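Structure first, commentary second.
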Number of protein chains: 2
Amino acid sequence: MASDERESRTGHGEVVPLVHKVEVPPKRNVFQEIGSELWELFFHDAPVDQFKGQTKMKKGILSLKFIFPILDWIPKYNYKMLIADIISGCTIASLAIPQDLGYAKLAGVPPVNGLYSSFVPPLVYAVFGSSRDIAIGPVAVVSLLMGTLLKQEIDPIQDPVNYLKLAFTATFFCGIFQAGLGVFRLGFVTEFLSHAAIVGFMAGAAITIALQQLKGLLNITNFTTDTDFVSVMRSVFGHIDEWNWRSIVIGLAFLAFLITTKTMAKKKKKLFWVSAIAPLTSVGLSTLFVFLTRVDKHGVKIVGHIKKGINPVSIGDIFFSGSLAAAGAKVGLIAAIIALTEGVAIGRTFAALRDYHIDGNKEMIAFGVMNLCGSFTSCYVATGSFSRSAVNYQSGVCTAMSNVIMAIVVLVTLLVLTPLFKYTPNCILSAIIISAVLSLIDLRAALLIWKIDKFDFLACLGAFVGVFFVSVEIGLLIAVCISFVKILYNVTRPHTARLGNIPGTNVYRNVTQYPNATLVPGILAIRVDAAIYFSNSNYIHDKILHYLEEEMQRLSKSDGAPIKYLIVDLTPVTNIDTSGIIAFEELEKTLKRKNIQLAFANPGASVIIKLDDSKFLAHLGSEWVFFTVSEAIQVCTMLLNQSASEQV
Amino acid sequence: MASDERESRTGHGEVVPLVHKVEVPPKRNVFQEIGSELWELFFHDAPVDQFKGQTKMKKGILSLKFIFPILDWIPKYNYKMLIADIISGCTIASLAIPQDLGYAKLAGVPPVNGLYSSFVPPLVYAVFGSSRDIAIGPVAVVSLLMGTLLKQEIDPIQDPVNYLKLAFTATFFCGIFQAGLGVFRLGFVTEFLSHAAIVGFMAGAAITIALQQLKGLLNITNFTTDTDFVSVMRSVFGHIDEWNWRSIVIGLAFLAFLITTKTMAKKKKKLFWVSAIAPLTSVGLSTLFVFLTRVDKHGVKIVGHIKKGINPVSIGDIFFSGSLAAAGAKVGLIAAIIALTEGVAIGRTFAALRDYHIDGNKEMIAFGVMNLCGSFTSCYVATGSFSRSAVNYQSGVCTAMSNVIMAIVVLVTLLVLTPLFKYTPNCILSAIIISAVLSLIDLRAALLIWKIDKFDFLACLGAFVGVFFVSVEIGLLIAVCISFVKILYNVTRPHTARLGNIPGTNVYRNVTQYPNATLVPGILAIRVDAAIYFSNSNYIHDKILHYLEEEMQRLSKSDGAPIKYLIVDLTPVTNIDTSGIIAFEELEKTLKRKNIQLAFANPGASVIIKLDDSKFLAHLGSEWVFFTVSEAIQVCTMLLNQSASEQV
């Protein structure tokens, strides 16, 4: 084996030393060390790389483009792109307008504020945002979340004026937090929400929102303000006397229509425009129907009068101090995180589909500025809507100009068309929202999670059950907690493996994964598959000794040669801290008492530096640090044979 | 190279296939999968392994020994061991008695309760505990912590009766939590406190405790109840009129004596007994001095009357319900964690020195039962004392019997000797505590932390500053937060490396660590050094693309061959979740648009199963999953050469 290895190395019969040395690399000073870690945390995507080696003029232009991504595409904008953006902009506007009216109700604010929120924020996003495909405006989950949280502070029915002010306050703080996270490049906080937890949370929120729509669909007046399944069902079946058959018939008929067009569009991608214009068509038809039959006189609730005109300034309405400001800040923080998680994920998804890059932190600044501007102009929290972004993409959007087109359509609506919505029945808005939120339930993702990781599925289920049976906050809390528990579990119990030789190679692999891997007599090789820190150093220490004990028991039964060398493969160990080094020191002491020599294979740069700094390398002897497991085993086998021949 | 490799594999000229396959291992069902993870979390130390394949009788004996470790050593106990334990037991008793009186003051309870806490808990520990070297009793940091936290609920001067009851309540809940953590094998929660944070916290607490002793040393009556540096200094220099020179002279003289003996013992290990008996000698001498000179009539404060007799039953004093029970539970929980962290660490340290094993969870049960029994018998929280355990070890302790001997000495003291302490000056207790806590300041550890890891040092410093300038709770909070931030940082920003070939071998290594490693033209190999989860999947995806972009820019400048294959070495990737697979799917799509083929090398068992489950393996093609990086590169190079020759 040893000679084969030697041959394989030279290939020309040259004599090379058998053992490669692991050198201790030159040390970095304190600032370089801390600097590189901070750099990786905040600037791993190297946003300033493009500035290197440019002229001052070019740097200035690049900076402007960095801050205002609109400058990147406006110069290249042409007629063909405009046509595409007008088509997609009008399509998403037709979806947005009826959804806005419904989502505003969910958030507890007047319907017109939903329309306002589809006017200013998309314009601001078009200037600051980098995504070409995203459609900006109010979204279902954030609206539900804001409605639930704000109602705990102020009752929207008893004190609608202050409730609206509090909503603007929350939007203001949401903008501040979003922009702050982006400016300080803290975007990675959204990465602590696990995908599985989000899938469960979204599905739970979608069903909760759909259930809330039973109020409009059944025409109930005294509906519960709680959102859990039990309260809603009690409310629905406790007020059967309030049910209005006319409302139910209109609602269900159009719901069937909407779901049919959606299913059709899913089967034939080309027919997506049918499902895209279906909501506005439904609104038009049902409004006309109510206007002609005046069923509103028979109790069918209608939207009623919507104030005409552009967004009024609301900067004076925001609470900047006092307990309501604190309450707004709390709601704003939660809304900020959820809105960012949703918005940035949408941006990333479509950017990957069309092969362009999105800087998550820059997007957060765009969302932040947009919500700040929104809070000054009577809007509540807006973000990227998944369903509308998908339609935007399908209808051939080219640039963020489609958001501008949508804003213009909404503006025209606000200035001219609001009186037309007077006779729109509430049940039709409920039907539109139900059909919209159903797409948030991602059964396929849940199934995939179940297949791939059962613990992940538990997280998904936990978040779902929390939202469904308790409240949207509790669901979110469960999602966050489960995500953290999972991180912590993985940090405390890293994977370790006993290594065996794959016959006919110099490769050493996990003996449980490769049953044909053979152990080398007298030597135990163990691989540690994680950086060694305080959170796992005790476990790793115990686990290595446990492997050793197990092996020694097995050997004592089978009269095998006793273990004389324990090799720890440090390939995957990217770093080690003081606790880790202490654990190895203790391990070395314990092994020495058992007459077993400790050896390391392939330590990384930071690990070998720290072993050297702590003087443990000098104590162990640098001859016990090998370049590969294979070389370590060759040397140890040689030494074993030597001592055996000496004994003979 | 390829042919060399082939030769090296067979060594006998046999024809073997060049490429080893990575098989998808047989799948485990849901229960096996969840089961093995839970097992690793709770029972990684396999406490039941010893029961396997034993007779029922033997199993019964082993179970009894498992619950009562005393049964393990009592049968083998002999006269020689008894002598050794009597010597060490008396030595630690001589240390414990004066310390107990002082620590009780720190906790705000009467001095006699300190003595009680050195009687019952050591006896209980001797039955349930596994450590042979630990010395049980009240300790400085926990006493300070309890004093600080309990004073926030009840003023010990205005309402000493209820304060004492609350202390028993906290002790009761501390015992419950400790035993609970042990029974449910949740001991790993203590692993989330980083070593560095503990070093800083302990040093801060030691100095805080020493500063508190200025009250006794200077004889000040109106001393602040705050523990931060500024308040204490203000209290000290605001009451210069209360300073008593007699007290100061006695205190400083004995402090000098204590520190001299300690320094001497450090230099000559054989003289440790001098420093061990110095505290009791100081108490004796100073008491005699006060009794003879009656300086207490000149204002030197003395301990005064201590009630004679054994621990009274206090079970009726515990608040089992109401707001004080809740307050006690909160204090108990914090005290439980700190006491466990200290106690278990001491047990582990000495077990490693003498090569026996300690089951952390079993120790927690022992601590829990001991504090439960303590709370019923007028004790407050006891744990392992580091300084007394060290003396115990040095004076040749054999078994936990030395704790029993110490308890007997304390019992004799309680029954007979308490009147002797009447004239003991408070300043002497202060001097003893100052000299005792100084050993908690581990400058060498702090220096090592600084050398090894600058971030760790920041954690250490943060905890220290928190305790020193604010309070012991804030220091603890900072320690916990920093520990978590460090874990989360490592989870979000895992290490990645570009791999190059070490010339003359088939080994591929990080090109930054091994500058002589050479990149292979047309191929980029990247190693990911962590399990891929939701918390890092985006980062890893971006980082891989960033490496690719960097390399392509470099190549475009130097007219090198464009990258056609991207190999991801999955050796250290022990696991992957849905987010990780989605990230790879996106990566594959992006690469395909750039005409680059994605390939994997050496996926572990769980990773290959999940790639298969998610159908991504089928989509990618299993021929793109290689056994080693070396084989992947051989195949890709071959394909590159083929297509080059085809083009020619």
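A Cβ is built for glycine as well, from the same backbone N, Cα and C atoms used for every other residue.
Quick caveat, the model's predicted, so the values are computed rather than measured.
Residues annotated as transmembrane segment in TrEMBL: B:163-184, B:196-214, B:243-259, B:271-292, B:331-353, B:365-383, B:403-421, B:428-450, B:462-489. Marked as domain 'STAS' by TrEMBL: B:513-636.
When Cβ-Cβ distances under 8 Å to the transmembrane segment (B:196-214) are tallied for each of B:271-292, B:403-421, B:428-450, the top count falls to B:428-450.
The transmembrane segment (B:243-259) shares more Cβ pairs under 8 Å with B:428-450 than with any other stretch in the list B:365-383, B:428-450, B:462-489. Taking pairs at least six residues apart, the transmembrane segment (B:428-450) and the transmembrane segment (B:365-383) share fewer than three Cβ pairs below 8 Å and do not count as touching.
By the Cβ criterion (under 8 Å, sequence separation of 6 or more), the transmembrane segment (B:365-383) is in contact with the transmembrane segment (B:331-353), since 3+ such pairs are found. Mean model confidence of the domain 'STAS' (B:513-636) amounts to 89 (pLDDT, 0 to 100 scale).
Beyond its flanks by at least six residues, the transmembrane segment (B:271-292) meets 91-92, 94-95, 97-99, 250, 254, 257-258, 261-262, 264-265, 300, 302, 391, 394-395, 420-421, 423-425, 427-429, 431-432, 435-436 of its own chain at Cβ-Cβ distances under 8 Å.
Long-range contacts of the transmembrane segment (B:462-489) within the same chain, counting only residues at least 6 positions beyond its ends with a Cβ under 8 Å from a Cβ of the stretch, are 141, 144-145, 148-149, 192-194, 197-198, 200-201, 203-205, 207-208, 226-230, 334, 338, 455-456, 535.
Under DSSP, residues within the domain 'STAS' (B:513-636) fall into helix, strand and coil as 63 helix, 21 strand, 40 coil.
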